[in-house]
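In what follows, a structure is listed as structure tokens, so that the remarks can point back to it.
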2 protein chains.
Amino acid sequence: MNPVVIHDPTLRDGQHAVRHQLTAAALRRYAEAADAARIPVVEVGHGNGLGASSLQVGLAAVTDDEMLATVRDALRHSRMGVFMLPGWGTSADLQRAVERGADVVRIGVHATETSLAERHLGVLREAGVEAQCVLMMSHMASPEELAEHAARAVGYGAQAVGIMDSAGHFLPPDVTARIAAMAKAVGTVPVIFHGHNNLGMAVANSVAAADAGARIIDGCARGFGAGAGNTQLEVLVPVLERSGFATGIDLYALLDAADLAERELMPAPPIPTSMSIVSGLAGVFSGFKHRVVELAAAAGVDPRDVFFELGRRQAIAGQEDLIVDVVAQLSTNAHGKDK
Amino acid sequence: MNPVVIHDPTLRDGQHAVRHQLTAAALRRYAEAADAARIPVVEVGHGNGLGASSLQVGLAAVTDDEMLATVRDALRHSRMGVFMLPGWGTSADLQRAVERGADVVRIGVHATETSLAERHLGVLREAGVEAQCVLMMSHMASPEELAEHAARAVGYGAQAVGIMDSAGHFLPPDVTARIAAMAKAVGTVPVIFHGHNNLGMAVANSVAAADAGARIIDGCARGFGAGAGNTQLEVLVPVLERSGFATGIDLYALLDAADLAERELMPAPPIPTSMSIVSGLAGVFSGFKHRVVELAAAAGVDPRDVFFELGRRQAIAGQEDLIVDVVAQLSTNAHGKDK
């Protein structure tokens with residue numbers, strides 16, 4: 001059995017599903033349950049990571065400092081992870097997180113923007129914590145590009161490097177090609193895979209990743225996360241075990257943690273809805289959904305057409321203005337047809 | 001693009017999730033939506049098939065005759081399918097269904113009990129409708145056994161033959177081996193795959209089935225079905241299309257049908273809960289859940305242990321008495337340990 005390290009961002013990526021409103025008490029209870037299941041890494045934070053809590057993207061119910069203190073106190077066996085997007089968070093946020101006991105720190109960058117992580121990875125290496133780098137929206141880059149950027153991240157000091165299927169677009173063969181190329185490029189450095197379930201493929205993609213050489217796999221209790229949700233952790237673990245990978249996690253305690261998460265963290269577990277299926281097919285971040293639906297309705301165009309056109313234009317997070325353009329174009333086209 | 005025929009048992013297998021209480025109005029609305037999407041076969045009935053409505057397994061809200069008349073009237077393009085378990089239904093039920101316009105009739109038998117379908121398949125061939133045979137709890141039989149029984153079913157007159165992953169136990173390699181063996185054994189006769197989502201693998205298993213030669217694949221809107229649910233139809237279709245298979249289904253109309261199903265057929269879409277994950281891992285029909293949980297609680301034993309022991313004993317539907325034995329044994333063991 002090859003070992004795989006399970007990384008659990010329930011208390012960070014899951015926050016997107018509840019507008020970052022998890023309470024300190026809820027963070028503590030889930031962290032204790034995850035710790036009892038011996039989940040290796042429990043990640044916590046605002047959905048967009050350290051320093052992101054703001055009026056613009058949403059104020060979290062709890063400050064970064066309180067989140068870290070709460071989860072640190074709850075963990076006996078698990079290591080604590082945090083996430084940061086350069087620009088949203090700064091080196092000062094990283095230093096504070098390390099002082100508050102973060103063991104594993106991930107820097108997230110767009111698939112082909114590894115250079116943005118260089119300085120932060122250096123800071124983390126000096127601080128003596130595990131420095132990881134994840135490439136987001138990775139379906140927008142080829143296996144070769146991802147391999148090149150993975151090698152660059154390792155050159156900057158990353159001790160693990162991987163990809164997020166941020167739009168939930170991948171099918172297993174897509175994952176196999178990318179992870180294999182990256183694993184080959186970085187040798188013994190562990191490769192990370194983080195899935196989303198827009199096409200019902202998060203668990204299957206994660207197994208494909210492990211088969212192709214990934215050694216750190218992410219999953220969230222009940223798939224807690226935005227839109228169609230993340231890889232369902234308590235499904236992922238026994239399926240990996242059956243597929244020949246050792247996680248070291250206690251199954252019953254893991255199921256208990258997932259039951260607690262369903263009861264205490266979320267209004268309802270995520271499922272692939274029609275709009276999240278479309279965003280996955282189009283390869284567009286599902287966080288665009290509310291604006292797409294709103295603007296499409298106002299203009300009388302089909303929001304599904306908007307998603308597919310955004311996909312053709314390769315829209316990424318931060319480019320929400322493109323929605324306005326696309327809706328206007330589709331509205332003009334429809335108007336033209338009516339004449 | 002290889003063609004795949006999508007078979008939609010939303011209005012039959014989905015009934016299990018609502019104790020067979022779908023109304024005639026709901027049947028009609030979903031059938032119309034499925035027809036608009038050009039889904040090739042729309043199956044309708046009591047969850048356990050023709051003739052099964054009874055006090056013992058649950059009285060349906062609508063009689064078989066009214067279900068068939070309602071859906072028949074709603075379909076313009078799609079063919080109408082029905083399902084029957086020998087013993088629950090009879091040849092007389094089959095004749096009535098054919099008279100009421102069933103185009104595709106499936107006989108379901110335990111994986112290694114094909115002989116029970118012989119007479120019924122003969123009746124159907126004489127009646128001139130498409131006769132299909134599906135082998136249930138197919139994880140309990142080897143690829144070789146399934147191939148042998150598939151060939152037998154074809155000998156009895158089946159025009160399509162396949163497997164149901166009734167316990168949601170399969171991972172893709174399990175499906176590949178079974179479908180490939182069956183396809184080889186039956187030559188040009190189409191092979192059927194029907195998945196359940198206990199391990200989050202229903203869509204991935206269905207793609208594996210198609211890759212291995214299956215030509216009829218089942219899916220239910222939003223996965224509507226008992227426990228963790230069936231293969232989610234509106235995810236399955238675009239994923240099959242992206243994987244090189246042509247379904248002939250209109251994606252937007254399919255998404256509309258799924259939205260309607262979520263709104264009008266079900267209290268909430270199914271997800272893999274802890275107990276359905278355990279039943280999938282154990283290879284036990286999730287219909288055992290309520291009795292297992294009830295009896296385990298009364299005896300103070302862990303229902304998960306009960307499921308795994310039922311799996312070791314290869315319990316199948318109809319053997320609910322085994323639950324009592326297993327609970328008693330586990331209770332004695334626990335009592336012994338306490339001394």
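A Cβ is built for glycine as well, from the same backbone N, Cα and C atoms used for every other residue.
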Listed co-binder of substrate (same site as B:ARG12, B:ASP13, B:SER166, source TrEMBL) among B:HIS120, B:HIS194: B:HIS194
Just going by other Cβ atoms within 10 Å, which of the recorded positions B:ARG12, B:HIS16, B:HIS194 has the emptiest spot? B:HIS16
Roughly how many Å separate the Cα of B:HIS194 (substrate binding site) from that of B:HIS16 (active site, proton acceptor), to the nearest whole number? 15
Env. residues of substrate site, Cβ within 8 Å of mean position of B:ARG12, B:ASP13, B:SER166, B:HIS194 Cβ: B:PRO9, B:PHE83, B:GLY108, B:MET164, B:HIS196, B:ASP218, B:GLY225, B:ASN230
Cα-Cα, B:SER166 (substrate binding site) versus B:HIS16 (active site, proton acceptor), nearest Å, comes out at 13
What does DSSP say about B:SER166 (substrate binding site): helix, strand or coil? coil
Work out the three-state DSSP category of B:ARG12 (substrate binding site). coil
Number of Cβ atoms other than its own within 10 Å, given for B:SER166 (substrate binding site): 26
Validating a neighbour-count step here. Other CB atoms within 10 A of the CB of B:ASP13 (substrate binding site): how many? 25
